[in-house]
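> According to TrEMBL:
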DOMAIN    31-163  domain 'P-type ATPase A'
TRANSMEM  190-210  transmembrane segment
TRANSMEM  216-235  transmembrane segment
ACT_SITE  275  active site, 4-aspartylphosphate intermediate
BINDING   275, 277, 683, 687  Mg(2+) binding site
BINDING   275, 276, 277, 400, 442, 466, 495, 575, 576, 577, 657, 663, 686, 687  ATP binding site
REGION    320-345  region 'Disordered'
REGION    370-394  region 'Disordered'
COMPBIAS  378-387  compositional bias 'Acidic residues'
DOMAIN    710-948  domain 'P-type ATPase C-terminal'
TRANSMEM  744-764  transmembrane segment
TRANSMEM  770-792  transmembrane segment
TRANSMEM  822-842  transmembrane segment
TRANSMEM  848-869  transmembrane segment
TRANSMEM  876-900  transmembrane segment
TRANSMEM  920-939  transmembrane segment
């Protein structure tokens, strides 16, 4: 109780810390600071860049001139790309901040809902004629748990507390009880039954004489030592000791045990459900590979690209400085009459790099140094404002930022972008301007994005496009290398993009523009008509290059996943990210081993499709499954049992596009259908519901806040620490607790057996064998320390446990503590209890008064020897505990001799010290102890010789 109270107080402190973060609230009198816990619906809250949004808000104003901002949502939905949010036009147009209080307006919002991807509402301004109505959608919202990535935003709070989207998506946390505790509870119930049965048997053997009912109760009290009351105390102290050992382990620094009731669960996991973003990956993209078809550039040859770029722009500028900049086409562009001439590598690199630098949705942002506003490029000022050290890039996808950063590193820098134009800086420092004519954004259906630009210097119009290889293969001109190279890059775990271009004449573009604008105005089938218009351009495009970007994995993810797989733990990756990305990371992290097939579950929307897909999947053997959240939902609605059965046979499962509630649902499915222990590991707010649902959960302290690590039972700083946490600490905790639990039960049963033998010899009298003080001493000072020192026992060294993860596999079968091992301990207790009591009575027929001291001394020695028999690796504290307990017992023999008589002290049955020191006493005690313990030592030796357990083979 006390330990759980301490856990709760710590939790409360952490929550308080989160709730007392300060935010600026806008009032009529200006800005005031409020705690996040005091924010109410209707407050106007100002949130700075990189600050977390404290409550669900409608986006009213921003410091950005565009009237929009980016937010990071990976704590909410697990997606790594930034989302664009747009202000309410009516409030953004107001000249100053204070004017928000001079207008009369209200926001209508729908009732709180689970769906984080949709919102319906209205903004109405009443004080103008006619009233202004604006519809509000998801684009105008700022949900709590997201982080502002650009500018300063002002919003009006619409939901707080339990009505916020992020809170609605978390499940109620439950009190977690370990499997070991449940098993021990079952055994304790069996022991209670045994106690009652034994008492009834005793009374029956008496022949139900006299007040037999009273005798029955006396026997129940006499045999109450069968029930191990000290078991709970010992186990709880043991759990605290394991928690302390985990937190003190120097190999996994920063690990925190937040729930100290379930360390043994770490030793019995069968399923590990992990998040992807921030858990397996660092969410940092790095450009790794550029492939031009005939030549490939890796990280070590990027300087060649740089020299080609410098060279080609030097040629261009020399041509332009001759004064014919408008008339002559720069040398890098081949003249239309000779299309078939093979271009030099230099010009092809130049084209590819320029395409990557232009075809994207990235905006460079400058941290303003002077009085607030970011400087606008004007004439000569441009160079000083575009200094490299205070430029950051913003985009909805980290992949795009990686590409633009790379073009900067090879010499072509994106320095400015607005809605109408892009400006690039060449290695020599010249600024090239391109006018943006059209942008076709990336969608999950089209899997590609395009842009049409006009170069200011030459007036050339070019259509650039980049996208996934599946989408681009049919658009680019025929080639023989694209598919093969994409496969090669994917096997390395790189995310590939195909870049292509098409030069357009003025007439071609005008023709396209008129068709495109017409399609955009149509009312019926607008999306189809727009797509058809764009598709007319997407034909026979010139393939420029293939890029490979790596989402860097966390340190040592591959060996850790390998270790867990060898330990028999099945790993499921649940992510909110896209299918391609998830598959890519599953391969690069070796979640799916190289020789394994991947079965991608086709999107299904109804019962029939789900049935066909499941049948197709059933025919596959030993292959990993990749499934999206929507298809999963359909399968679970109609074929829950069949789906779970099939998925559990897979070596690995990847679920992409999962909502937070779906993650928790998958955890609960596994718990219901498999009876195995599940563990969830994550780092973001979107993992909290999964973490709370799992039997045991691990949070990683990520870059994006601590929500997951606060909600979890254990918190670690890096994914690789999970290997040691499970293989060493989890395994040890479980094996130690199992040994400790059974030993405490044995300690109670042996003394109850002695009481039973004693009573049956004395005509089934309900007389206690030992005085109360001896019984108290037996369970505490005489045997507690050696028994508790079992929490220091280990069968193999930590290095061995990590080297042979197969040892962990044995634990999931639960053989360390089962009815079989329990029965063995019961038999040992009955044998030893019988021997000790009969031995004492047989050998001491003359001095009957000394039976108590003889049997009790033999009992204590037997217990100490049994601890020594159970220990597998000695620790100096164990030796100290054994000697200390023995010393305490010998001291009490000398000083508390009145307790060693039979019956009442008043009968004068005192123990004379002279007897203890006689040889007769010593050899008889030794004989009894030997008979009770020697057979067990012999059995253990024979067992180690003829069928040794797996760990002993390693330690020898």
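The chain as shown is numbered from 1 upward.
Each Cβ is built from the backbone N, Cα and C atoms, and glycine gets one as well.
Note: TrEMBL annotation is automatic and uncurated.
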> Considering only the binding-site residues 442, 495, 657, which fall within 10 Å of residue 275 (active site, 4-aspartylphosphate intermediate) when distances are taken between Cα atoms?
none
> Kindly report the helix/strand/coil residue split of the domain 'P-type ATPase A' (31-163) according to DSSP, in that order.
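Across the domain 'P-type ATPase A' (31-163), DSSP assigns the residues as follows: 18 helix, 52 strand, 63 coil.
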> So if I exclude everything within five residues of the ends of the transmembrane segment (216-235), which remaining residues of that chain have a CB under 8 angstroms from its CBs? That is, six or more out.
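Apart from its flanks, the transmembrane segment (216-235) reaches 181, 184, 188, 191-192, 194-196, 198-200, 202-203, 737, 740-741, 744-745, 747-749, 751-752, 755-756, 759, 766, 768, 775, 779-780, 784, 787-788.
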> May I ask whether the transmembrane segment (822-842) has at least three C-beta pairs under 8 Å with the transmembrane segment (770-792), counting pairs 6 or more apart in sequence?
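Contact between the transmembrane segment (770-792) and the transmembrane segment (822-842): absent.
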> Could you tell me what the rest of the chain brings near the transmembrane segment (744-764), counting residues at least six beyond its ends with Cβ under 8 Å?
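For the transmembrane segment (744-764), the far contacts come to 187, 191, 195, 198, 202-203, 205-206, 219, 222-223, 225-228, 230-231, 234, 770, 775, 778-779, 783, 787, 822, 825-826, 828-830, 832-834, 836-838, 841, 855, 859, 862-863, 866.
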> Under an 8 Å Cβ to Cβ limit, what residues of the same chain, 6 or more beyond the ends of the transmembrane segment (876-900), are close to it?
771, 773-774, 777, 781-786, 788-789, 792-793, 852-853, 856-857, 860, 864, 867-868, 910-913, 916
> Spatially, which candidate from the binding-site residues 442, 495, 576, 657 is nearest to residue 683 (Mg(2+) binding site), comparing Cα atoms?
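Checked the binding-site residues 442, 495, 576, 657; minimum Cα distance to residue 683 (Mg(2+) binding site) goes to 576.
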> For the binding-site residues 277, 686, which one has the sparsest Cβ surroundings, going by other Cβ atoms within 10 Å?
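Counting other Cβ atoms within 10 Å of each of the binding-site residues 277, 686, the minimum falls on 277.
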> If you count the other Cβ atoms within 10 Å of each Cβ, which of the recorded positions 275, 687 comes out on top?
687
> If you average pLDDT over the domain 'P-type ATPase A' (31-163), what do you get?
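Averaging the confidence scores along the domain 'P-type ATPase A' (31-163) gives 89.
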> Which of 190-210, 822-842, 920-939 has the most Cβ pairs closer than 8 Å to the transmembrane segment (848-869)?
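Checked against 190-210, 822-842, 920-939; highest Cβ contact count belongs to 920-939.
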> Looking only at residues six or more beyond either end of the transmembrane segment (822-842), which have a C-beta under 8 A from one in the stretch?
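Hits for the transmembrane segment (822-842): 187, 190, 742-743, 745-746, 749-754, 756-758, 761, 851, 854-855, 858-859, 862, 866, 927-928, 931-933, 935-936.
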> Should anything in the same chain at least six residues away from the transmembrane segment (190-210) have a Cβ under 8 Å from its Cβ atoms, list it; otherwise answer none.
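The answer is 216, 219-220, 223-224, 226-228, 745, 748-749, 752, 756, 759-760, 763-764, 766, 822.
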> How big is the gap, in Å, between the Cα of residue 686 (ATP binding site) and that of residue 277 (Mg(2+) binding site), rounded to a whole number?
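Approximately 11 Å lies between the Cα of residue 686 (ATP binding site) and that of residue 277 (Mg(2+) binding site).
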> Just the number: how many Å between the Cα atoms of residue 277 (Mg(2+) binding site) and residue 495 (ATP binding site)?
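Pair distance, Cα basis, whole Å: 15 Å.
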> Provide, as an integer number of angstrom, the distance between the C-alpha atoms of residue 442 (ATP binding site) and residue 687 (Mg(2+) binding site).
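Residue 442 (ATP binding site) and residue 687 (Mg(2+) binding site) have their Cα atoms 27 Å apart.
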> Do you know offhand how many angstrom separate residue 576 (ATP binding site) and residue 687 (Mg(2+) binding site) by C-alpha?
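One finds 10 Å between the Cα atoms of these residues.
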> Any same-chain residues 6+ apart from residue 495 (ATP binding site) with CB under 8 Å of its CB? Would you list them in sequence order, or say none?
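Set apart from residue 495 (ATP binding site) by at least 6 residues yet with Cβ under 8 Å, we have 285, 399, 548, 549, 550, 551, 580, 581, 584.
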